[in-house]
Amino acid sequence: MFSVLDWKPKIGILGGGQLGWMIVLEGRKYPFTFYVLENDKNAPACRIADRCFSPQDYKEFVDSSDVITFEFEHVYEKALEYAEYSGKLLPRLNSVELKRERYKEKLFYRQHNLPTPRFYVAEDGEEALKILREEFNNVGVIKESKGGYDGKGQYFIFNDVEKYQFLREKKEKMVVEEYVKFDFEASIIIARDKRGVFISYPPTYNYNEKGILVYNYGPYNNQNIVEIARRLSEELDYVGIMGVEVFVVNGKVLINEFAPRVHNTGHYTLDGALISQFEQHLRAIIGMELGPSTILSPSGMVNILGTDKIPVEVLKYGKVYWYSKSEVRKRRKMGHVNVVGNNLEEVKQKIDKIMQLIYTNGLDL
């Protein structure tokens, strides 16, 4: 162990979006230096980092840093691989490789007896449609293997398979999965350090629409989710923060997917926990002791999606985090609002008020 005053680490972050921004914000409590690798110099994390490197300068970026982490696993492949080669990447590349192709992630769950919805791997779109017909009677989910996040590349099919004949033209592998009629969706934020010490924040209830998180709240106490996430982190020999999303069906827990990084469903920890997921991630990757995952009160979060205009009345119900992105796009996460309360019902009421204020005409995703 060490004192942060004895070693002032230089921490490199791949990606300059809001997750990197919040990592840097939370890290400013300590004498750390932050470098960001990002093409857009006006990106949220670049605006507050000590230095922002261009992607072509990834070797200098890695060589200048003591440890490298990432806010998003689908970018800067050469930089990720060079950081792994240099022995500086945390979480390690094995977790990223599972996320590069969805079928590898699903097969990993099967190999390690981690519960997940029934699925098949198809070699191309034509085989995917055949499997959907023969195994699931044309009711299920076809998922493209690459680039899947925030609901992208997923096709929910309910006996309207004729609308999806365009998938026959796709020549890459796909996952064909049963459609799960879940009671609700949930997630958990866990941390694991270099010595294998594991901690978890309480799970939360999540509400997603068209594959993108709209809001979440907790705590939702479910030890089964904790143990499944623990097993997953141990099988990966994981270091850092991880988000694990699950379906809850009649009390049974099925893994939907994991994210090898700080996660949208953990934003509430900025105000609802003693130590946020972002600080906990930094502690894990530089070798500090993990802190307690103590929740100070029931809490939750609402995403601000596709708009840069919200009513000032929102401030009555929660704390706004504004990412100051340069361009507004449909579905784009422009900020979020954290709420706390004396109990879950109060938190849910505040979330309802915020939803009504931000999305006056309903969600348009």
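Cβ from N, Cα, C; glycine included.
Secondary structure at R102 (ATP binding site), as computed by DSSP, is helix. Among the features that Swiss-Prot reports, ATP binding site is placed at R102, K143, 148-154, 177-180, E185, 256-257.
Taking the domain 'ATP-grasp' (106-286) as a whole, pLDDT averages 95 in the prediction. What Swiss-Prot lists as domain 'ATP-grasp' is 106-286, and the listing cites sequence analysis.
Long-range neighbours of N256 (ATP binding site) (same chain, six or more residues apart, CB within less than 8 Å of its CB): T116, P117, E185, E245, V246, F247.
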